[in-house]
Every structure is written in structure tokens, then in C-alpha cells.
Amino acid sequence: MAQEIQKENNDHLVQSSDPEHPANLIPDLCRRFYNWGWVTGTGGGTSIRRDNHIFIAPSGVQKEMMKSDNIFVLEFPTPKYPPSDRKYIRKPLDLKPSACTPLFLAAFERGAGCCIHTHSQWAVLVTLLVEREKGPNAYFEISNIEQIKGIPRGKGKGMMGFYDTLRIPIIDNTAFEEDLTGSLEKAMEEYPDTYAVLVRRHGIYVWGDDVVKAKTQCESLDYLFQLAVEMHKLGLPWVKET
């Protein structure tokens with residue numbers, strides 16, 4: 001009977017000795033993000049698309065304790081709404097799907113291979129500073145910082161340069177994670193070259209063509225956010241005047 005349940009639940013989709021398999025990468029990434037202070041409690045999330053499968057970290061599991069058998073698997077493409085129409089082909093018993101799922105799907109529909117959601121304190125702080133200094137409709141921007149080179153200009157446009165100005169849109173938070181989807185998609189449309197969207201008083205969504213690009217872009221952005229907070233303390237402008 002146990003073998004039948006395992007077969008019906010497609011557990012083979014998350015069983016692999018390959019460390020680069022999404023079901024192994026997601027728990028590893030979540031542990032790293034926990035250790036870096038990007039996610040606490042059970043907040044945040046990570047998802048990877050491989051061919052026509054999407055692997056997603058679950059809701060309610062401590063990030064540093066996550067295992068490969070905790071991972072959900074969806075067919076891709078799949079409807080974002082209603083949740084009951086999503087094509088799950090593997091569901092861990094006694095776990096809930098991530099509330100980030102429709103936001104991850106929005107990134108995958110635009111060609112992403114990996115999407116990361118963190119609750120980085122530096123990301124939250126820059127959203128508050130931008131709101132106070134520039135108003136609720138402003139975006140985060142910074143220029144003339146070397147680490148900007150770690151961010152793409154846009155799909156097929158290469159990487160940003162030292163003299164470029166990086167702009168990241170900011171959307172307002174909502175009471176429920178899934179309700180952010182519309183605002184996230186609107187920001188993606190208004191900023192078609194962006195690979196990230198900040199969520200005020202909440203965190204950030206970052207995506208990339210693959211796992212390495214999403215992770216390194218997330219690292220570069222977090223560095224820039226921390227630097228921006230420290231620059232603000234010293235009265236230094238984020239965008240250098242020409």
C-alpha cells in the first residue's frame with residue numbers, strides 16, 4: 001500500500017542523487033538564505049523551473065530544515081488562478097503549497113528559470129527610505145557602484161555597467177501573499193527589463209534565466225541595498241550627479 005501511495009504521488013520526481021537537481025537545490029538554497037538572514041521563521045520561498053516541471057518550496061516549513069521530499073511539483077504551463085486548477089503532479093503529504101506560487105508563475109511565464117523571494121531587512125529598509133524621501137510611487141535607484149555590473153540590462157541586452165543607473169520598482173504589500181500577483185505583473189509590464197520587484201515593508205522577488213543567475217543577482221541586489229542604507233546614514237546620494 002505504501003508503495004502504491006508513493007507511486008501515485010510521483011515521489012520519484014524529487015528523488016535524485018544529483019546535487020543540481022531542483023529538489024536538492026531548493027533545500028540547499030533555503031538553508032543558505034536562512035544563514036544569510038534573508039529568510040526567518042518559515043518566510044520567503046524559492047522555485048525552479050526545469051523543462052515542463054516547476055519545483056516549489058512548501059509553506060510552513062522551517063527553511064534550514066527543509067528536505068527534498070518537502071518539495072511540490074507542478075506541470076508547466078499551469079493556471080495561476082484559481083488555485084484548485086493548478087496542475088500539481090507531486091504534493092507532499094500534510095504540507096501546504098507556497099502562497100508565493102502565483103508570483104513565481106508570473107516570473108516563469110516571462111521566461112525565468114528560477115525565482116527567489118526573500119524577507120531581507122536591507123530590502124525592506126530601502127523601500128521605507130524611498131517612500132519617505134521620494135513618495136509612495138517612486139522606485140529604488142542607484143548608480144556608479146561596481147556591484148551594479150552583476151545585474152542584467154534586460155533580456156539579451158548584456159549586463160549593466162558602472163555608469164548605468166539601476167532602477168527597481170516597488171509595489172505595496174498586501175495582507176495575503178497571493179494578492180501581490182496583480183501588482184507584481186503590472187510592475188513587470190511597466191519595467192520590462194527588470195529582474196526584481198521590491199515589496200514595501202515585506203521583501204523582494206528576484207528571478208533569473210537559471211538558478212545561478214537568480215542567486216547571484218539576489219546577492220548583488222542585497223549588497224546594493226545594504227550599501228544604500230549605509231550611504232543614506234552618511235548623507236551620500238544613491239545616484240551620482242553628473
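Placement of Cβ uses the backbone N, Cα and C atoms for every residue, glycine included.
Here's what Swiss-Prot has on this protein:
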ACT_SITE  Glu146  active site, proton donor/acceptor
BINDING   Cys100  substrate binding site
BINDING   His117, His119, His202  Zn(2+) binding site
COMPBIAS  1-11  compositional bias 'Basic and acidic residues'
REGION    1-20  region 'Disordered'
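Sequence features annotated in Swiss-Prot and their locations in the structure.
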{"residue": "Cys100", "record": "substrate binding site", "Cβ contacts under 8 Å, 6 or more apart": "Gly45, Ser47, Ile56, His117, Glu177"}
{"residue": "His119", "record": "Zn(2+) binding site", "Cβ contacts under 8 Å, 6 or more apart": "Trp38, Val39, Thr40, Gly43, Gly44, His202, Gly203"}
{"residue": "Glu146", "record": "active site, proton donor/acceptor", "Cβ contacts under 8 Å, 6 or more apart": "Phe162"}
Neighbouring C-beta atoms (10 Å sphere around the C-beta of His117 (Zn(2+) binding site)): 30
CB-centroid shell, 8 A cutoff, Zn(2+) site His117, His119, His202, site residues removed: Val39, Gly43, Gly44, Thr118, Ser120, Ala123, Val199, Gly203, Ile204, Tyr205
